[in-house]
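Asker: Below you'll find the structure I mean.
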Amino acid sequence: MDRVIYLLFGMMVLISLISAVGSALYTNSGNSKMWYLRLHDDTDNLFDPEDPMSSGFLQFVRALVLYGYLIPISLYVSIELVKVLQAMLINKDLAMYDETTGKTVEARTSNLNEELGQVEMILSDKTGTLTCNQMEFRKCSIEGISYGGEVTEVDLAASRRMNIDVERYRYSLDGSDSTGRSIEMFDLSTADGSTEKDVLGFHQGSEDTKTGNSRISSSQKETTVKGFNFRDNRLMDKMWIYRSNVSDMIMFFRVMALCHTGIPVEENRGNKLMYEAESPEEVAFLISAQEFGFKFCQRTQSTMVLQELDPSSGLEVKREYKLLNLLEFNSSRKRMSVIISNEDGEIFLLCKGADDVIFDRLADNGRTYQQATVMHLSMYAEDGLRTMVFAYKKVGLPEYERSSLFRKAKATIGPEREELLENASEMIEKELLLLGAVAVEDKLQKGVPECIDKLAQAGLKIWLLTGDKKETAVNIGFACSLLRHDMKQLHLCLRKESPSNQQMKDVKEEILCQLQSYNQLITEEDREGDPFALVVDGKALEVSLSYDVRNQFLSVAMRCDVVICCRVSPKQKALITRTVKEHSGKTVLAIGDGANDVGMIQEADIGVGISGMEGMQAVMASDFSLPQFRFLERLLIVHGHWCYKRISKMILYFVYKNIAFGLTLFYYNIFTGFSGQDLYDDWYMVMFNVLLTSLPVISLGVLEQDVSSDVCLKFPALYQEGQRNICFSWKRIIGWILNGILASIAVFTINIYLLFPSAFDKRGKLSRHRTHRHHNIHMHNLDSKLPDCSHDLPLHMDQPFLDLGQHSRLIGPAPLYWIATLLVLVVSLLPYFTHIVIRRSFFPMDDHIIQEMKYSGTDVRDTPMWLREQEKSKQLTQVGYSARVDAKIRHLKEQLHRKRKSFYLSVTNSPVYKSMMRRDTSTPH
């Protein structure tokens, strides 16, 4: 806006110079010596007709004062008032009220309202911002069979689009259970989705009839247990004891109940224990084991007591296990193990950890379920769940006694202790037997995936900055639909731990090599079909933000659809925010909930704090506070869009109004021989600026809505008008300036030349009174009053102005006055309406089309058109729930196509089919 003011100031100086030069030339000419002007008789010390140069300079100063109306000083006051009222409306929006916490959105400043509609990048924290930091046990894979039948919202949406049951369909395609194996024997060459559904439903129903169970438990049996969100009747209610190979299932549940650092803290209602542990995942495992019949009861320094279900008798028995060693989890090991001995003296090693680490330590005879487990892990990760693999081995007493390094490590103090423990762990944590995998969900806040989907459709890029490890961040990326399974993930990390004596130069070269390869990959790939996600490790990020690597890193990051930064410190969050803002030049919004996010919030153009469970530090440092992340959708897409368009229209209106009003003074100054004569009465000018033009536009700035809030949310692509700055571009500004110039010319010239003869009576003499013609020119609430004055006004400066009553009696009965008013109105508005007609007819914008559909009823009569406009919002989106559903549908169709092809080849290559074909060929017709 400041540049617009500079432009108007330049125009004012220019026309003031023209007035000064014109005054000097007019004074130096013979016209100034006309007898009736009596310029030489005046005693005005500020005007000397004999010195044109000094008179011209004084006229320049006088013109600056006269044309000061070109500078919209009242605009600043009006904008501040409008922004305060806009902030009040944001605070009072009931759609952003959280009933759970009783909190609402709070605009802590009113200076950034219009920038809410121009955000292009969002930097978000994870824990407490996207998630609730509450772990829930969701699914597990035991003996190569997946349990926990609940599908995700992505699967349900895909099933509705494809008209099939995705849960049954998905399990039938992975070949991981009996349903899948039975489906492989059926001809899937049918092209009708409903037929597929009937076939899959039939086989699923036959299995349920055979086992007497359903994959998903009935709703009446569902109970809410904090940390346990598992639904599968094949395992619940002690039904797992009837499964095959119960011994492996028992060992699976023992790993869940014994391999941890937790302790029971209290007994809840229903004879259920509550637990505390080093991580929320362990608490979820302990609660889940308790639900499956393996209750961890007591822990001492050397023993662990477990109340477990005996499958032979169906009764719960208490067993005490001796804790021999605890091999703790750390970021380098990525696994945890306990060595225990049971009451019979048998020694077992129970291990859980990351899939790649556990799979590398499996024995040859322990990989029975590996292929199916890997498939299930991929499915769980796609659903956004955090996964962990369980394994065990039976340790012979001689083998354990040979591992004397454990006793030696325990007796060692100093840095050698960790090395000895690591060596001992490597010796014993091998030749493991795979049991299965578990999947827990870091529970997202309500509405997070839907919010991210709308923000992505609105054209915003989202970066996730978290202090968690890479695996956790990637899982959350899947859970909130930032990532999808067909998205190419570019991992920027140090390939191995750098030794202490390695030079920083070598590390930078390694990072630069990776960035160059990623940049080349993005350049070569077809971006329309291959979205990219950049996942950056904390140590690699520290190197990437250094001065000589920063540009290459940001070049790759800005071309990716999603960026996830892991193991990020609070200082790095602030540095990333500042670097991205300076490099991209885009409006950046940062959102977080804790004290570690304060630096990031303060560095961003717009800081948003979540008033969550981590205190109010982030809120106190923010510009806007939200009770939940999901309200960011309405704050930006609805209020941001409205505020941007309101402020833009308001500023352009003031520019237009001041030019149309101020240039009439310039034209009249030319008409009166550059005399510097006032055209309007001072009270008229005050009324014009305050009542007739300011109050209407303030109402527009507070209440104007191009489309309703529901339409904004249905068509998020409308938000991109603010990102591209369409409503306040220089093209639009110059257009309104030209419109104001045309309006001022129409107002002045039509009044002068149409009403000029009325200044004389029938005898050709001057009228008895100076006749002022007031014309209300309404153009977007612009009321412009222009009097009709004759060129000999200086002769009659001693006559007083007429009051409003006299004006009404003199000009009211004159038809010419009303004809002139109507003509001025039409001519002034004609350029604007011509532009609108041409623009909406031949070059319509998105909001023009939607307005026409909305208010003409086309959305009711022509549903396909309405849906087509909605789909246009999603066609360029690579991130979000909608894009993920589309990717899921493509994935399922590809799987079905492969199954059809495989089944066809297996049938045509079978001996039975070949013999039948030979028989048909040899049979005479």
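Just so it is clear, glycine is given a Cβ too, placed from its N, Cα and C backbone atoms.
Copied straight from TrEMBL:
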- ASP125: active site, 4-aspartylphosphate intermediate (ACT_SITE)
- ASP125, LYS126, THR127, GLU282, PHE329, LYS352, ARG386, THR466, GLY467, ASP468, ARG567, LYS573, ASN596, ASP597: ATP binding site (BINDING)
- 619-765: domain 'P-type ATPase C-terminal' (DOMAIN)
- 5-26: transmembrane segment (TRANSMEM)
- 57-79: transmembrane segment (TRANSMEM)
- 651-671: transmembrane segment (TRANSMEM)
- 683-703: transmembrane segment (TRANSMEM)
- 733-756: transmembrane segment (TRANSMEM)
- 816-838: transmembrane segment (TRANSMEM)
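Show me how these features fit into the shown structure, please.
Answerer: Taking a C-beta cut-off of under 8 angstroms and a sequence separation of 6 or more, ASP125 (active site, 4-aspartylphosphate intermediate) has the following same-chain neighbours: LEU465, THR466, LYS573, ILE591, GLY592, ASP593, GLY594, ASN596, ASP597, MET600.
If you take the C-beta of ARG567 (ATP binding site) and look for same-chain residues 6 or more apart in sequence within under 8 angstroms, you find GLY467, ASP468, LYS469, LYS470, ASP537, GLY538, LYS539, LEU541.
Over the domain 'P-type ATPase C-terminal' (619-765), the average per-residue pLDDT in this prediction is 85.
For the transmembrane segment (5-26), the list of distant contacts is 32, 52-53, 55-57, 59-60, 63-64, 67-68, 70-72, 655, 658-659, 662-663, 666, 669-670, 673-676, 733, 737: same-chain residues at least six beyond its ends, Cβ to Cβ under 8 Å.
Listed as Cβ neighbours of the transmembrane segment (57-79) (distance under 8 Å, sequence separation of 6 or more from its ends, same chain) are residues 1, 5, 8-9, 11-13, 15-17, 19-20, 23-24, 46-47, 647, 650-651, 654-655, 657-659, 661-663, 665-666, 669, 674, 676, 678, 685, 689-690, 694, 697-698, 701.
Beyond its flanks by at least six residues, the transmembrane segment (651-671) meets 1, 4, 8, 11-12, 15, 18-19, 22, 63, 66-67, 69-72, 74-75, 78-79, 677, 679-680, 688, 693, 697, 700, 728, 732-733, 736-737, 739-741, 743-745, 747-749, 752, 779-782, 784, 786, 789, 791, 828 of its own chain at Cβ-Cβ distances under 8 Å.
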Asker: Within its own chain, what residues at least 6 apart in sequence put their Cβ under 8 Å from the Cβ of PHE329 (ATP binding site), listed in sequence order?
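Answerer: For PHE329 (ATP binding site), the qualifying residues are ARG335, MET336, GLY353.
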Asker: Considering all pairs of residues in ASP125, LYS126, THR127, GLU282, PHE329, LYS352, ARG386, THR466, GLY467, ASP468, ARG567, LYS573, ASN596, ASP597, annotated in the record as contacting ATP, what is the maximal C-alpha distance expressed in whole angstrom?
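Answerer: Output for ATP binders ASP125, LYS126, THR127, GLU282, PHE329, LYS352, ARG386, THR466, GLY467, ASP468, ARG567, LYS573, ASN596, ASP597: max Cα distance 32 Å.
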Asker: Reported in the order helix, strand, coil, what are the DSSP residue counts of the domain 'P-type ATPase C-terminal' (619-765)?
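Answerer: Split by secondary structure, the domain 'P-type ATPase C-terminal' (619-765) comes out as 111 helix, 4 strand, 32 coil.
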Asker: For ARG386 (ATP binding site), write down the residues of its own chain that are at least 6 apart in sequence and whose Cβ falls under 8 Å from its Cβ; none is a fine answer.
Answerer: MET135, GLU281, ALA439, VAL440, GLU441, ASP442, GLU471, THR472, ASN475
